[in-house]
Amino acid sequence: MAKKQKKLDEISKKFGDERQKALDNALKNIEKDFGKGAIMRLGERAEQKVQVMSSGSLALDIALGAGGYPKGRIIEIYGPESSGKTTVALHAVAQAQKEGGIAAFIDAEHALDPSYAAALGVNIDELLLSQPDSGEQGLEIAGKLIDSGAVDLVVVDSVAALVPRAEIDGDIGDSHVGLQARMMSQAMRKLSASINKTKTIAIFINQLREKVGVMFGNPETTPGGRALKFYASVRLDVRGNTQIKGTGDEKDTNVGKETKIKVVKNKVAPPFKEAFVEIMYGEGISKTGELIKIATDLDIIKKAGAWYSYNDEKIGQGSENAKKYLADHPEVFDEIDRQVRVRYGLIEGDDLAEVVGSKAESPVETMEEVTLDLDDAIEIEE
């Protein structure tokens with residue numbers, strides 16, 4: 001019996017060696033035909049952690065979970081009109097340039113305001129801008145930029161404005177059922193592999209439409225078919241909330257609005273988180289405002305009455321004065337920002353003991369123990 005088992009073990013080992021040899025030969029042939037890296041064992045990859053680029057907003061970086069937009073992925077930003085979609089995208093452009101990258105903006109709506117982009121920190125002299133004549137042209141330009149491997153971020157504003165050439169050449173009133181959806185589906189199939197290979201971040205801004213005849217559930221949908229919904233690794237729903245009043249002589253004037261950004265899909269971190277940011281008119285997202293709020297929640301910045309203090313030093317009476325202090329002292333801003341990011345695990349700290357304080361409520365809301373109703377199930381779709 002023992003001899004029989006030994007013989008079976010030898011046969012099994014020999015068969016296993018032959019299978020391994022066949023697999024090694026197959027891997028060599030694949031690399032020979034398609035290039036090195038075409039196939040590999042997952043454990044052999046040099047970089048397994050998802051690389052990210054900051055969104056330009058601390059609250060949004062926390063909501064995204066990974067610390068920003070994942071590189072080599074497709075991002076969709078959608079929401080109602082004037083909700084802040086383009087503002088969120090322009091902050092990403094400014095951040096890409098700040099990190100030494102090259103950004104491109106495909107302005108299909110022909111509505112980009114250079115002065116507003118500059119106010120948000122975008123270097124308009126270095127920004128690559130295209131205003132295509134048709135949807136196919138815009139997507140082809142985006143594809144060529146991505147294939148070059150030299151562009152770090154491509155923004156398409158917006159999917160709804162990517163009009164197929166056949167529709168432009170036709171007459172108003174002609175029916176073009178499914179034409180834009182087929183165009184987007186083909187574009188996603190062609191672009192997704194190149195985007196991942198070149199580690200380019202592709203942001204597609206989209207509008208909202210309403211389905212006809214929906215009696216129950218959420219009637220809202222995004223134009224361009226379902227392809228973008230499936231291929232996007234992150235989908236952000238941007239909604240403007242309450243207006244922000246000014247102070248002093250501007251106390252009756254709307255100077256901005258509080259905006260909710262909901263992560264309705266996330267393939268690189270837990271989804272369904274929300275970030276609340278202040279978008280100030282003419283200035284964009286208030287980075288000092290969100291930092292003060294989050295750092296105060298974490299007890300990094302202390303608040304006693306109307307006074308804010310950091311490291312036992314008062315930085316201002318009232319939030320506006322505290323914002324001004326941080327704006328005038330960028331080194332203090334960067335120091336507090338780093339402590340917040342370390343606390344949320346977005347970056348590694350040299351000494352965690354220096355930044356560990358009392359436990360505070362997260363500035364983003366996580367829907368963990370919530371039973372999704374029909375409306376949510378329709379709105380949050382893969």
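Including glycine, each Cβ sits where the backbone N, Cα and C put it.
Any TrEMBL annotation is an automated prediction that lacks curation.
Mean model confidence for the domain 'RecA family profile 1' (49-208) is a pLDDT of 96. Feature annotation from TrEMBL assigns domain 'RecA family profile 1' to 49-208.
In sequence order, K85, L208, D237, V238, R239 are the residues of the chain that are 6 or more apart from G79 (ATP binding site) and have a CB within less than 8 Å of its CB. Summarising the annotation, TrEMBL assigns ATP binding site to G79, P80, E81, S82, S83, G84, K85, T86.
Per TrEMBL, the feature domain 'RecA family profile 2' maps to 213-290. Look at the domain 'RecA family profile 2' (213-290): DSSP puts its residues at 12 helix, 37 strand, 29 coil.
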Taking the Cβ of T86 (ATP binding site) as reference, which residues of that chain separated by at least 6 in sequence fall under 8 Å from it? L112, D157, I205
